[in-house]
């Protein structure tokens, strides 16, 4: 199984990571994308080994909207540039319009700052030909719109630059002009997810966490989207199947089970297709379960 979104450097997990990864391997977890949320996280993620106890660890750097700050953004952007050859994607980035994040008096200013931080990170990801790992709590269609607008503008700018230099000097992209993203723990409307997944000009996937088993909102889009648009995630230590529990890497099997039950297909099929989807999104060679 392939976990596309986890916080292995969280204080609830990192001290016991060796045991947790051994347990995850025993239930079939073979790959984990480890995302960061801030400058401190980024340093910890970069120090992780490429593989531990049989589980391949794919690194991702980004600034979470909860930590939106132009000074931190500048530091994170520099870290992404310096380490981009080591990264599977850019993230966790995005928007979070939930009330406890926005506050009350300056909500519009907070939204504007989040949008600017997300826009600059998407631009850099596009420049470096990396997909993005997106948080969109309470802001689903806003995040999708910003993704499309930013990539479209970056694509036009890139085309103009290309005409000014010889084609032999132009770096080929895996997906020219496409949005390449995983929308993690989507809590938006199923119709927006379905429209994004059906857009043949984009490569947008939606990842399913263990808590989907208790979320009517998530169940709606899981049932509506094709398997070819779904991925597995834990978001550990958050989003456990049981509210309030610490989520751990081995619980990826619960995400697998949710999809299998809601789509009415065997777990082997879900495992195979979600792995293929992840490998296509991140541009990885086929791995072994």
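Just so you know, glycine gets a Cβ as well, placed from its N, Cα and C.
So that you can see what the record holds, here are the features copied from TrEMBL:
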BINDING   5, 7, 92, 235  divalent metal cation 1 binding site
BINDING   135, 184  divalent metal cation 2 binding site
Sparsest-packed among the binding-site residues, when each Cβ's other Cβ atoms within 10 Å are tallied, from 5, 7: 7
CB within-chain contacts under 8 A for residue 92 (divalent metal cation 1 binding site), separation at least 6: 5, 35, 36, 37, 60, 62, 64, 133, 134, 135, 184
Which same-chain residues, if any, lie at least 6 apart from residue 235 (divalent metal cation 1 binding site) yet have Cβ under 8 Å of it: 5, 6, 7, 184, 185, 209, 247
C-beta crowding around residue 184 (divalent metal cation 2 binding site), within 10 angstroms: 26
Cβ neighbours of residue 135 (divalent metal cation 2 binding site) where a neighbour is any other Cβ within 10 Å: 26
Per DSSP, three-state class assigned to residue 184 (divalent metal cation 2 binding site): strand
